[in-house]
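Shown next, in structure tokens, is the structure this report addresses.
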Amino acid sequence: MAEFTPIQMLTIASLVSAIALFLVCHFQGKTSSIMSTFTSNPLYYLALGLINPLAYYLILFKAYDLLPASQAQPINYSWAITLTLMAAVFLGQKIRVQDWIACALGYFGVVVIATQGNILGLEFESPLGVGLALLSTLLWAGYWILNTKNKADPVIGVLLGFLVALPFAVALCIWEGSSWDISSKGWLAVTYVGLFEMGITFVLWLGALKATQNTARISNLIFISPFISLVLLWQILGETIHVSTLFGLVLIVSGLVIQQLKRKS
């Protein structure tokens, strides 16, 4: 985020993701189905694309711009807990005792991270940044709720989201009028985001789920990833990882684990 504005980051990363996903569809022999999938329900795919990647990543990148990544990222991991509450409202799913416990742990963890442990003082480093990080969880959860009705090929569905979002993102870039004097390091960074944070990762995840004989083991890797991310932020970006961040992340992940135990029972 040092060289790109959130809008610029969204635009270039979305373009990289769209190209990568189109190539995946090409090698899988699915390109002929892209247009027919979109025309079968254009307003639906328009809504999906406006939510993710357009609104979701624009808001998330702005949160990263206002907060240290070591704070914004753990807060974003609470989206699965947000999904539970939204599923109850929009899908009529019942919230059990385990879900309420998970919600309490998760959002208490968010408060611990956002206040850097000063819970009673409720002093946030960036109230707007925290608010945007939480809003991103609502958008991501809402996106997956809408996706429950999507019967199309998942790779094509995600590709259509990026294709829909690109014209809006380009228009926002033109309106913003920011400088494009970006270093080669900046271009490499945004390409990495487009490939591995937004695009190809989804395909790799689907491949892992198809290849494994035990989906639960693969799914449980989500509980390890936030801690790996913190280590990378510390080693590569040199960010200070506060004890409060670790404690808050443990609370959030504990809530996610409780939700998984509930599903298995």
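Glycine is no exception: its Cβ is also placed from the backbone N, Cα and C atoms.
Noted in TrEMBL for the protein shown:
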DOMAIN    2-114  domain 'EamA'
DOMAIN    128-258  domain 'EamA'
TRANSMEM  6-24  transmembrane segment
TRANSMEM  44-64  transmembrane segment
TRANSMEM  76-93  transmembrane segment
TRANSMEM  100-122  transmembrane segment
TRANSMEM  128-146  transmembrane segment
TRANSMEM  155-175  transmembrane segment
TRANSMEM  187-206  transmembrane segment
TRANSMEM  218-237  transmembrane segment
TRANSMEM  243-261  transmembrane segment
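Fewer than three CB pairs closer than 8 A are found between the transmembrane segment (6-24) and the transmembrane segment (76-93), and contact between the two stretches is not assigned (pairs 6 or more residues apart).
Long-range contacts of the transmembrane segment (44-64) within the same chain: residues 1, 6-7, 9-10, 13-14, 17, 37-38, 72, 75-76, 129-130, 132-133, 135-136, 139-140, 142-143, 146-147, 149-150, 157, 160-165, 168-169, 172, 198, each at least 6 residues beyond the stretch ends and with a Cβ under 8 Å from a Cβ of the stretch.
Only sequence-distant pairs (6 or more apart) were considered; of these, fewer than three Cβ pairs between the transmembrane segment (243-261) and the transmembrane segment (128-146) are under 8 A, so the stretches are not in contact. Helix, strand and coil content of the domain 'EamA' (128-258), in residues and according to DSSP, is 108 helix, 0 strand, 23 coil. Per DSSP, the domain 'EamA' (2-114) is made up of 95 helix, 0 strand, 18 coil. Mean pLDDT of the predicted structure over the domain 'EamA' (2-114): 89.
Residues 44, 47-48, 51-52, 55-56, 59-60, 62-63, 65-67, 71-72, 75-76, 78-83, 86-87, 90-91, 110, 114 of the same chain lie 6+ residues outside the transmembrane segment (128-146) yet bring a C-beta within less than 8 angstroms of a C-beta in it.
At the 8 Å Cβ threshold, with sequence separation of at least 6, the transmembrane segment (100-122) comes into contact with the transmembrane segment (76-93) through 3 or more pairs.
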